[in-house]
Amino acid sequence: MTKKRELAEVISQEKAARGIYSMWIRTESAKEAKPGQFISMYANDGSKLLPRPISICEIDREGGALRVVYRVTGKNTGTEEFSRLKAGDTLPIVGPLGNGFPYEKAEGKKAFLIGGGIGVPPILELAKEMECEKKQIIVGYRDEETFLREEFEQNGEVYISTEDGSVGTKGNVMDAIRENALDADVIFACGPTPMLRAVKAYAEENGIECYISLEERMACGIGACLACVCQSKEKDHHSNVHNKRICKDGPVFLSTEVEI
Amino acid sequence: MSMDINMKVNIAGVEWKNPVTVASGTFGSGAEFADYVDLNRLGAVTTKGVANVPWTGNPTPRVAETYGGMMNAVGLQNPGIDVFCERDIPFLRKYDTKIIVNVCGRSEEDYCEVVERLSGEDVDMLEINISCPNVKEGGIAFGQNPKAAEEITKAVKKYAKQPVIMKLSPNVTSIAEMAKAVEAGGADAVSLINTITGMKIDINRKTFVLANRTGGVSGPAIHPVAVRMVYEAANAVKVPVIGMGGIMTAEDAIEMILAGASAVSVGTANFHNPSVTMEIVDGIREYMEQQGFASVADMVGIVK
């Protein structure tokens, strides 16, 4: 018994874009956090029982703080409650959870770091910590609200796609890769399932090593409840069926390991 | 304050160090929670349902949050009895706690095969899941008809070497009648309640939230229903009742014990706070000290 749910203190919070918030919290868990991991965030409202799995956007290990950038999913939701928290407020969290990106695989290689929508935030800490020959950050947004853009620009070559064409390439991240004639030896991606499906197909057609971060509704966040499974190519040693747990075996998987 | 508190309970001849276990399916096989819980401090660990062969479970989404609760339709995904015996039993045996193996199946033969296999294993009790609302065959088919429940109890009892706990569904007209039926079939204990069948609709996508359409509702929202059913079952049978359903705190657990439960299972609360069982064990002890109860047995079913 070495871990527990802890009460994290909000250091600061600001709106990053329409419906998107950025919050720094003080937490013990920052010391051991890695890019691509997530934390379970709990609402203070007792009628909302389940944790919200939120990916880690930035890590300050010395200061013992984590940054999360998250979307408010609707009225009266847990994420709406989080968005109202102010400096000094507290919220229960468990973490860090999940495996994180194996960014050491990028050493000496040309890499794509791909984020789409609310899958953009975990790409920031990855970009900050990854060492590679060529760091190409491709981020896709809905419109001109390109949150985290300036911070990405300090950490690599940035290519942007927007659905409405207001910034960068009109379309999705794959359109931005084609328009700019980019290529890579290794890919790391987080975003909506249709985007990940396209990235996975592109990687497999071109024989590129590709790591994708998946999302599913969770209950426990620690590998016990078997709610957040995805289909896997091989029989997993834990499940003994073709299912992997996104919270525990993932959220990051080698693209060829999973069916999405 | 130097009162001698006895937290031990005797459930069908098996002595637990305290009355707290976990609800099957919310705690894996224990290993998943070992970082958050001192398994030595649980009365028993009840493992996730295991079948004769591996089950893939239902499509996702498998869970949804509801007001004061949640719904699940995991569909009893499990690695099968072989992996369970090789991996999970040796893991749990390292701890000083009782092992309750939850058994699921699609037919009488399935249940009996697992129970027979477990007869040679070092486990303490069996819990037979005849009440899962999320699998099409088996499960609930046995749990909603008193005659079928009695028959399946008789069948597994023929093969069982360990005491058998029959896990009852709340989705019935009379829980007392179901409890009596499994007692007549030879059950050594009953546990209740399993989840209540529910449905949730996404009004934006205009479809069901769960891939399975329906799911089992659990959590504090159903706690009063569980307390009422534990009370009715405990007053209908002589065998011990293990009470569960929305226990979030020691107070909830004590309520269940006063209603007639000889022990309690904590389920959904494990998702809200993975270490909650430790707080519940401590809280029951504090209540006993404050109220002057020397043993848990003195509290069981005293509200008449």
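The backbone N, Cα and C atoms fix where each Cβ goes, and this holds for glycine too.
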Item to check | Binding-site annotation, TrEMBL, [2Fe-2S] cluster: partner of A:C220, A:C225, A:C228 in A:C190, A:C247 | outcome: A:C247
Item to check | Integer Cα-Cα distance in angstrom, A:R71 (FAD binding site) to A:C228 ([2Fe-2S] cluster binding site) | outcome: 20
Checklist entry - Looking at the binding-site residues A:R52, A:I54, A:V69, A:T79, which has the shortest Cα distance to A:C225 ([2Fe-2S] cluster binding site)? => result A:R52
Checklist outcome for this item: binding-site residues A:C220, A:C228, A:C247 vs A:I54 (FAD binding site), shortest C-alpha separation belongs to A:C247
Checklist outcome for this item: What DSSP gives for A:C247 ([2Fe-2S] cluster binding site), in three states, is coil
Item to check | Using Cα positions only, nearest of the binding-site residues to A:C228 ([2Fe-2S] cluster binding site) (A:R52, A:V69, A:T79) | outcome: A:R52
Checklist entry - Within 8 Å of the centroid of the Cβ atoms of A:C220, A:C225, A:C228, A:C247, which other residues of that chain place their own Cβ, given that this set defines the recorded [2Fe-2S] cluster site? => result A:M218, A:A219, A:G221, A:I222, A:G223, A:A224, A:L226, A:A227, A:R245, A:I246, A:K248
Checklist entry - What does DSSP give as the helix, strand and coil breakdown of the domain 'FAD-binding FR-type' (A:3-103)? => result 12 helix, 45 strand, 44 coil
Item to check | Among A:R52, A:V69, A:C220, A:C225, A:C228 (the binding-site residues), residues with Cβ under 8 Å to chain B, listed in sequence order | outcome: A:C220, A:C225, A:C228
